[in-house]
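One structure is given here, and the rest of the page talks about it.
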């Protein structure tokens, strides 16, 4: 039979039938009109025929997506598999489509169809159908192709559940049923917000909390370790190592607070705005009901956006969230840099901290160990800063009633949230919890510091104190020796007035 089909195809100059892999990579072609039995034979091999408004397309028989998804793979061969739409967006779409089906059933959608849509949407939300979403981020700026990818997958999976034929659009139509009362223009931004909120709550905030708690524990552990401070990378007056770490604790605390402060706008959903924000082709109450369903499904306080025109045309909420993550990246860059510099050495650096040794550090220098967790964290911070630039550009390009940088924006927001959350956990578990204070080195550096002379200001004045420091530095002598030689004070006075433990706060 296969040979007969090949001969028939050759005699009628039919195009070569691509494999499923070729279709996925974009090598799909339209099939000329031919006898039904020929189409059936083709379907029994590696593909089936589906239609969109532009015509017929070959769809791999083992995939639930349809013609519009295949056409997108043909038109947007950009980046390959590594640039696919983030899975959190796909899962968020599953949540949204289930919620919409529930509400549509309340408004009269056939319960049998609604139930099948809900079951298929649940599979999408649970990640069971991830292999059926091949589209890349770099597509239409509204995310229309991905919305249709979701509609097609849910439609065909629902059809299969109901015993129908894949690609027939019966009894479950991707547009008329799965996308009922919806537009890509309001569903994609809704999925963006759902995905961002879930990533923040499941990955980012838990990671930052773990880091915060570990730094807080170290701050308490190092509360009695007095060390020399540094400003402008030069010696300054003393503080405790615990005080130094308390600054890091507060930075991470503020980071979490900034992120949480941005979330109320993320919880506002565009669903119900349809094409331009007017809500055309929806029912009164649809938007509110969908938001309530999404809130129930996720356990997060989602509400309908008070102004759908803003929700479709601007994504300031995502720019705001990205900005909070950008600030977090700045904080983590500073913390990681401080820790790796304080741990520099082991013999030729500052050496005040002893960092965990996790792996060999050099392919040529035996015994070398590097602050790799600090380096990973700083690279993550740099990437997040770059992501924020892209999100900012995207957010500023909402034209009239629609922002058309949606896929790029959510890709970068999710990337930042995931990186910061994961890096915080890695940095905590593989570095922070194992940090030790090198008290011998800390005491040596503090006792040699010329800035202890600052304690003499109230007793002998700034000018004399400065002369003591400069003379001691020039002669290589100690502050005490120099102060006595200059006749500014006695040994007893120096010992009474220059006590690092008395220089740690106001009197």
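Using N, Cα and C of the backbone, Cβ positions are placed for all residues, glycine too.
Summarising the annotation, Swiss-Prot assigns transit peptide to 1-41.
Reduced to three states, the DSSP call for residue 58 (N6-acetyllysine) is strand. The N6-acetyllysine annotation in Swiss-Prot covers 58 (among others) and rests on similarity to another entry.
According to its DSSP assignment, residue 63 (N6-succinyllysine) is coil. Residues annotated as N6-succinyllysine in Swiss-Prot, with similarity to another entry given as evidence: 63 (among others).
The secondary structure of residue 77 (N6-acetyllysine), as reduced to three states from DSSP, is coil rather than helix or strand. The N6-acetyllysine annotation in Swiss-Prot covers 77 (among others).
Annotated N6-succinyllysine per Swiss-Prot: 77 (among others), in sequence order, evidence recorded as similarity to another entry. A 10 Å cutoff on Cβ-Cβ distances gives residue 77 (N6-acetyllysine) a total of 13 other Cβ atoms nearby, all chains included.
Residue 91 (N6-acetyllysine) counts 20 other C-beta atoms within 10 Å of its own C-beta, drawing on all protein chains shown. Mapped onto three states, the DSSP output places residue 91 (N6-acetyllysine) in helix. Among the features that Swiss-Prot reports, N6-acetyllysine is placed at 91 (among others), with the record citing similarity to another entry.
In three-state terms derived from DSSP, residue 112 (N6-acetyllysine) belongs to a helical segment. All protein chains included, residue 112 (N6-acetyllysine) registers 13 other Cβ atoms within 10 Å of its own Cβ. For 112 (among others), the entry in Swiss-Prot reads N6-acetyllysine, with the evidence type similarity to another entry.
Cβ neighbours of residue 119 (N6-succinyllysine) (same chain, under 8 Å, six or more residues apart in sequence): 158, 161. Secondary structure from DSSP puts residue 119 (N6-succinyllysine) in a helix. Among the features that Swiss-Prot reports, N6-succinyllysine is placed at 119 (among others), with the record citing similarity to another entry.
Within 10 Å of the Cβ of residue 142 (substrate binding site) there are 23 other Cβ atoms, across all protein chains. Feature annotation from Swiss-Prot assigns substrate binding site to 142-144, 173-176, 183-185, 231, 363, 368-370.
Secondary structure at residue 220 (N6-acetyllysine), taken from DSSP and collapsed to helix, strand or coil, is helix. In sequence order, 242 are the residues near residue 220 (N6-acetyllysine), counting only same-chain partners six or more apart with C-beta under 8 A. Under the heading N6-acetyllysine, Swiss-Prot lists 220 (among others).
The annotation active site, proton donor/acceptor is assigned in Swiss-Prot to 232. Taken residue by residue with DSSP, residue 232 (active site, proton donor/acceptor) is part of neither helix nor strand, so it is coil. Listed in sequence order, the residues of the same chain lying 6 or more apart from residue 232 (active site, proton donor/acceptor) and placing their CB within less than 8 Å of its CB: none are present.
With a 10 A radius on its CB, residue 233 (phosphothreonine) counts 7 other CB atoms from all the protein chains. Under the heading phosphothreonine, Swiss-Prot lists 233 (among others).
Listed in sequence order, the residues of the same chain lying 6 or more apart from residue 289 (N6-succinyllysine) and placing their CB within less than 8 Å of its CB are 103, 106. Residues or ranges marked as N6-succinyllysine by Swiss-Prot on the basis of similarity to another entry: 289 (among others).
Look at Swiss-Prot and you will find 362 tagged as active site, backed by similarity to another entry. For residue 362 (active site), the Cβ neighbour count at a 10 Å cut-off comes to 10, with all displayed protein chains included.
Residues or ranges marked as phosphoserine in Swiss-Prot (evidence: similarity to another entry): 363. There are 7 other CB atoms within 10 A of the CB of residue 363 (phosphoserine), with all protein chains counted.
As annotated by Swiss-Prot, site 'Important for catalytic activity' applies to 375. DSSP assigns residue 375 (site 'Important for catalytic activity') to a helical segment in the three-state reduction.
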Query = Measuring Cα to Cα, how many angstrom lie between residue 112 (N6-acetyllysine) and residue 142 (substrate binding site)?
reply = 31
Query = residue 184 (substrate binding site) to residue 58 (N6-acetyllysine): how many Å between their Cα atoms?
reply = 24
Separation of alpha carbons, residue 362 (active site) and residue 375 (site 'Important for catalytic activity') (Å) = 14
Request  = Calculate the distance in Å between the alpha carbons (Cα) of residue 368 (substrate binding site) and residue 464 (N6-succinyllysine), and round it to a whole number.
outcome  = 45
Request  = For residue 233 (phosphothreonine), identify the closest of the binding-site residues 142, 176, 370, judging by Cα separation.
outcome  = 370
